[in-house]
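So that you can see what the record holds, here are the features copied from TrEMBL:
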- GLU145: active site, proton acceptor (ACT_SITE)
- GLY180, ALA181, SER182, ALA183, GLN184: ATP binding site (BINDING)
Amino acid sequence: MGHPQKYGVVLDAGSSGTRVYIYRWDELDYARGHARPAELKQLPEIETKKHWTKKTKPGVSSFGSKPYHVGEYLQPLLQHAIDIIPAESAPETPLFLLATAGVRLLPPREQKVLLEQICTYARKHTKFLLPECNLHVQVISGETEGLYGWIAANYLLGGFDKTIDHGNGHHTYGFLDMGGASAQIAFAPNATEAKKHAQDLKLLRLRTVGGMPEEYQVFVTTWLGLGMNEARVLYIKRLMEASAAPGVKELPEPCLPKGVTTTLEGEEDLKKKKNAKDPVLVGTGRFEECLRQTYPLLQKDVPCMDAPCLLKGVHVPGIDFTVNHFVGVSEFWHSTHEIFDFGKDHPYDYTEYQTKVKEFCAQDWKDIKAGIKKGKWGDKVEQEKAMQACFKASWLTNIMHEGIGIPRVGIEVSHNVTDHTGAWKEHKLTKEEKAKEKGFLEPFQAVNKINGMELSWTLGKIVLYATSQIPAAFGQTALPVGFGSNTVQAYKSVPADWQYAG
């Protein structure tokens, strides 16, 4: 029989589907009894296995009008967890279902009934720990999703272990995420910016195996409408407004490969036009023009009511890229690695990426289709993905470098805080400096897995929960693990908006 272990289950209820994640860590007494002194100062070691995740479609939000059918939909995922977790561990295994973008859009009444039905079904058909429905089955904000992602990234990369110094004593990584509807950013500003914008930060409290508190001041925000799918919708709308005179039947589209014709919705089958009077898009394969036309989608001209801002007038503290090194997931990974031949461990390089993108986007559609047939870009790349690749690359390039201000690795590295106009001082790197800063000490790196574990925000939720189960060390104030307003009082008592771990 193995040593005593704890389990946790998180269902990520996204807009297109729901995925279950199962995690495991050592029971506290065992962990403390077998820990070296240095390990007592670290967070619990959490693991998962390749087959411990399972996904189903469509998204939970599709049951908004028929909530009493949601249980049957979730049953295969719940059963997957039941089959993996030892029966004797189930009653003390927390189950969380956290809904994101899709459910956020449902009317409040539909949300409430749907979540209640999910909790009722899970309590009836599993023995997992569900003490409070409101805490374990809920819709989370984009900011919370971003914070969980930040926790997961730093957990996997060693940011909480303080073993890597990014400069000036800064040891955590920034986090970027982009889905279909929105994009998130989360980072711990440098000391100067943290002091200047203290009221804009979240106080995050974790606890080590030894029971000592670990506190971080993190900025998190979401840009609604700047996700990949929503950006594409806005782009097509602007393209029509700028180019379409009455009766025009064809619109030149620089972000589509040359030689392809599609509906406004991206369908090659023109019979699928939603409106017979709509023009069709004719690909011209001009990537530089595509970049120019996607730039306005950043909406940097929106008034900034609380300076400084980055995109859409949303306030963000200044980012010091000499110490804030970011990792990007979801579209930041897919749009740099799936077609443009960056190996899984290959650091992002602006010059190399742009070269590959331009080479791909200059090809005729018939040549791209022939390449897909031969498996030139791997078996995961089909026609739809290839058709969207140039738009995605242009949007990613603009949002990273013109919007957020990430230095163009391969051309420049910033040694100043960005001024949020996209301007920075250039510094040419020597080969020695480049070699030293390769990998995760670059200003940006796209990731999918780290040491074999998927970088998912669900891991951040479980890290928070696992540390919340550790009692405070003797002599330490037992302030709860979780996150909330970064006020002076928060370091002495519990703020009214404090989010508990579970």
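Placed from the backbone N, Cα and C atoms, the Cβ positions cover glycine too.
Note that the coordinates shown come from a computational prediction; the quantities given were computed from them, not determined experimentally.
On the backbone, the CA of the residue listed as 'active site, proton acceptor' and the CA of SER182 (ATP binding site) stand 11 Å apart. The ATP site is set by GLY180, ALA181, SER182, ALA183, GLN184; from the centre of their CB atoms, other residues of the chain with a CB within 8 Å are ALA101, GLY142, ASP177, MET178, GLY179, THR222, TRP223, LEU224, LEU226, GLY227, MET228, GLU230. Between the candidate binding-site residues, SER182, GLN184, the densest Cβ environment within 10 Å is the one around GLN184.
Over all protein chains present, the Cβ of ALA183 (ATP binding site) has 29 other Cβ atoms lying within 10 Å. For the recorded positions GLU145, GLY180, ALA181, the ranking by surrounding Cβ atoms (within 10 Å, all protein chains) places GLU145 first.
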